[in-house]
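Visitor: Supplied in structure tokens, the structure appears directly below.
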Amino acid sequence: MALYWCTECIPLAVTALLPVILFPMMGVMESNEVCIQYLKDSNMLFIGGLLVAIAVERWNLHRRIALQVLLIVGVKPSLLMIGFMGTTAFLSMWISNTASTAMMLPIANAVLQQLCDTEANAEEREFNMAAANNGLDNQAFEMGDAKMSKELQSKENTINLDADKDGIISSLEAQQRRLKTEQKYTKLTKGMSLSVCYAASIGGTATLTGTTPNVIMKGQIDELFPDNGGVINFASWFGFSFPNMVLMLALSWLWLQFMFLGFNLKSTFGCGTKKEGDREAFQVIKDEYKKLGRMNFAEGCVLTIFTLLVVLWFTREPGFIPGWATVLFNKDKTYVTDGTVAILMSALFFCIPSKLPRCCGRSEDGASSEAPGALLNWDIVHEKMPWNILLLLGGGFALAHGSEKSGLSLWLGESLLPLQSIPPFAISILLCLLVAMFTECSSNTATTTLFLPILASMATAIKIHPLYVMFPCTISASLAFMLPVATPPNAIAFSYGNLKVLDMAKAGFILNILGVITINIAINTWGVAMFNLNEFPSWANVTKTP
């Protein structure tokens, strides 16, 4: 399965179904036991999160949020890059990385094109005015006099030749200036395209439902260590990953700023200057926002449900105080999970109408008007839902369960015992680098599914906290920055930004290193405090024999 996932010789989802065939035939597990792995609580959490994302996209709420942020930050190059990166990262926390990238890149290109055209035209006008003031357009050279002496005629011819020569030189200078401006904005477009796709990948790491590897890790932890007491939930994931995401985003911005803009504060931040080009580019964003009109009933409902969902996730089991689920439902067992909340709130999209219903409403011809449709219908969900990912999640859970039942996990753990002599922080860094390299040529979903059961076996064998290696490696699986084929956001940026593979590889290599460093700083500082990573937990002490 690992080989098939890496080479994609058959679709990933079909590979994920192999345990259904092979485990029963090889006597590893009964068919009923295998099939039940394909729709667990983590899958329900994933479905609920995706339904919310589909509703947000359906009613263009993500576009309204993005344009509003850009109107606040302005259009100075550095501030614009911060604005685009921050907005894309925020959207990627809740909707798919691909959707947020596909939405933000056309806006970025339109703004930069407007800035480029306006600056080039302004420079051309300034140059023409300067040329006129210097007398290059002197009409006296065209005046003729029949009585003019030969000496004066000769001088005029010389002056005319000089004027023509100056005109040609000035025309060439104007062309060179325009070319220089266009080259500057071509480079800026490359940087902006990369900043958007990288921010999408980084932003997805901040929430439990932000990207598929996060959900896979929660599922694997619950599958391999069933007595973990819900150590990974929405609130605990956000508490660890959000500060790490902000740190990674800031370092990424600094690197891309250095690589594509330099550190000239006057030109990149503006320092109080206000050009005509800035006003016109700002107007482009303003016009796009005006096209959306006022927020309608449907958008307001989606925003309300989305906000309620996030609040319920955070307060279900915050950790420092008993959550609402603990008080009302989970007194002796974990009955209500994040998946329960996700399905509850996303089900409301199919119940609430998209327009405010009117009592005894009538159409123009006097007939009874039809009831408005719901916020979501199943046709839209069927079209937008990535069903293959659900099978891929299930295949990973089935593989992990099979490894445990067959004794493979135990054997792997014993084989990795020599790693006890290596300090835990060094193990974490090496594994993060390995996963970050592996995910460049394989999907992050397949990479996480493949590595996490092995990492769990290794952690239990050498008696280190499983989260100490599983958490950093899960986030490292999203550090696919170097190749256009590594992740869909990279491919979209590659098609938009006049990028070469070398541009992406140079920018992405440093970001991969920075990402691994920040993740390991996080896990060794606030990660240790949050999850008590210095001690081997009792729930991880699984010593089952096959």
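Using N, Cα and C of the backbone, Cβ positions are placed for all residues, glycine too.
Model, not experiment: these values are computed from the prediction.
Annotations per TrEMBL:
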TRANSMEM  12-29  transmembrane segment
TRANSMEM  44-61  transmembrane segment
TRANSMEM  73-95  transmembrane segment
TRANSMEM  234-256  transmembrane segment
TRANSMEM  296-315  transmembrane segment
TRANSMEM  335-352  transmembrane segment
TRANSMEM  385-402  transmembrane segment
TRANSMEM  422-438  transmembrane segment
TRANSMEM  450-471  transmembrane segment
TRANSMEM  477-497  transmembrane segment
TRANSMEM  509-529  transmembrane segment
Visitor: If we skip the immediate neighbours and take only residues 6+ beyond the ends of the transmembrane segment (296-315), which ones have a Cβ under 8 Å from one of its Cβ atoms?
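Guide: Distal contacts: 52, 55-56, 58-61, 64, 94, 208, 233-235, 238, 323-324, 338, 341-342, 345-346, 348-349, 352, 354-356, 375.
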Visitor: Checking distant contacts: for the transmembrane segment (335-352), what same-chain residues at least six beyond its ends satisfy Cβ-Cβ under 8 A?
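Guide: Tertiary neighbours of the transmembrane segment (335-352) are 41-45, 47-49, 51-52, 55, 208-209, 230, 233-234, 301-302, 305, 308-309, 312-313, 316, 325, 328-329, 374-378.
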Visitor: Most CB pairs under 8 Å with the transmembrane segment (450-471): which of 12-29, 234-256, 422-438, 509-529?
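Guide: Result: 422-438.
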Visitor: Can you find at least 3 Cβ pairs under 8 Å between the transmembrane segment (234-256) and the transmembrane segment (477-497), where each pair is 6 or more residues apart in sequence?
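Guide: Between the transmembrane segment (477-497) and the transmembrane segment (234-256), which are separate recorded stretches, there is no contact, as judged by 3 or more close Cβ pairs.
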Visitor: When each of 12-29, 477-497, 509-529 is checked against the transmembrane segment (422-438) for Cβ pairs under 8 Å, which one has the most?
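Guide: Answer is 509-529, with the largest number of Cβ pairs below 8 Å.
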